[in-house]
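Heads up: the structure comes next, in structure tokens.
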Amino acid sequence: MTLFEQQHNSESTGEEEAWGHTTIRSKIWLYSLGAPCYSGSLCDGTLYFHEYSLSVTTKVVDELIASYGLLDKCHTVNPPKCSSSDLLIFHSSDYVDFLKRSNQVDDLNEVTEELEEFGIAYDCPLIDRIYDFVTQVAGSSMAAVDAVLNGAKFAINWSGGWHHAQRDKASGFCYVNDIVIGISKLRSKFQKVLYIDLDVHHGDGVENAFCSSKYVMTVSTHLHEAGYFPGTGNVTDIGIGAGRGYTVNAPYDRDISGEMFVPYFTEIAQAVYETFRPNVCVIQCGGDVISGDHLGGTNLLPEDCISCVKKILEFKVPFIFLGGGGYNIINTAKYWTALTATILNVEISKDIPENDFFLDFGPDYVIDVCKRNVKDKNSAQDLSQKVCIIKGNLERYVRSAS
């Protein structure tokens, strides 16, 4: 019997009524519908990549979730923009002032030294009304945080999860770090916050923000190889100072399969929970971790990641679920819809319902995602060695401090 099963079976009847699957839908649910909708185009199920891809993804995801009737089981909100003071919880005043000044510009294609200084170029291009855009997205995550602070057990914002943004610059398609801001606000009520990053890319921005804190544990599972963005997140990177041991990196090699990933993640998650005992959990569920993503590199299916989320749900703490990367729009929509159903404990049909993007789900029109015919570059021995390193660090630094 696993730790999770032991805890579930040992709970009293009253606790099961509060947390068990039979009554979980009576709890407060939040689904943030906050990202602005810009025009975008889909062709053969694939997004023509451009700077508004997040908004297009949000539109497709919301449409598919609604078509399954899942929004009827949530309390949905259209949250306001966050304030500049919210952004200043993490970001520098110079960067926030720059975003404000850049909200309306004449030439979006010009790249100046100032733009490059703040990371607004190349992978994070200047966009029209940039300040309005980032405050709307961050505002959605703040709404999720506020819901949990006010007693909600779960909150979902698939338009959030911008884990690469740094204190004073944009990075990796992320203009502001809604995750860091949200976790900082959660600390006003919850002593220990667990952050889990399932995106295929290392959650460097969040890790950098909390690498010296023993009250926020960051756990990132990600593809790690030469030349792959952002190039950080080695298993030996464990935090600094008072936060040494509270940073957990679980890298893997290209084309990892569910058969390798699920037990790898589960064993790490169990060790993290046993030693850290969080009061609240934030999970970044980047869709680029799913097989077929243009910027990904795994062979994982939605059901593999959902198996991992089911283990996290057994922690029995409040949860905030955020999105992240996802550059195969259709696969990302399928993943986040199936994940929403799992969080709500609702079974959904394999067949895609009629919706505004129905033709883009062809030719099979099912919610399943197909694996690629590739060899898993990971070995059980290598992943086991990483697990041993992670467990050793947790015992040495985290359990010994409790």
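Every residue gets a Cβ built from N, Cα and C, even glycine.
Caution: TrEMBL annotation is automatic and unverified by curators.
Listed in TrEMBL:
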type     : residues               : note
ACT_SITE : His164                 : active site, proton acceptor
BINDING  : Asp123, Gly172, Tyr327 : substrate binding site
BINDING  : Asp199, His201, Asp288 : divalent metal cation binding site
DOMAIN   : 58-342                 : domain 'Histone deacetylase'
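Within 10 Å of the Cα of Gly172 (substrate binding site), the following recorded positions from the list His164, Asp199, Asp288 place their own Cα: His164. Those residues of the chain, other than Asp199, His201, Asp288, with a C-beta within 8 angstroms of the mean position of the divalent metal cation site C-beta atoms are Val200, His222, Gly286, Val289, Leu295, Gly296, Gly324, Gly325. Distance from the CA of Asp199 (divalent metal cation binding site) to the CA of Tyr327 (substrate binding site) is 12 Å. Residue density at Tyr327 (substrate binding site): 20 other Cβ atoms are found within 10 A of its Cβ, drawing on all protein chains shown.
For His164 (active site, proton acceptor), the same-chain residues that are 6 or more apart in sequence and have a Cβ closer than 8 Å to its Cβ are Ser171, Gly172, Phe173, Cys174, Asn177, His201, Gly203, Asp204, Gly205, Pro230. If you take the Cα of Asp288 (divalent metal cation binding site) and the Cα of Asp123 (substrate binding site), they are about 16 angstrom apart, rounded to a whole number.
Applying an 8 A CB threshold to same-chain residues 6+ apart, the list for Asp199 (divalent metal cation binding site) reads Gly161, His163, Ser220, His222, Gln284, Cys285, Gly286, Asp288, Val289, Gly324, Gly325. Here Asp123 (substrate binding site) comes close to Ser171, Gly172, Phe173: these same-chain residues lie at least six apart in sequence, with C-beta atoms under 8 angstroms from its C-beta.
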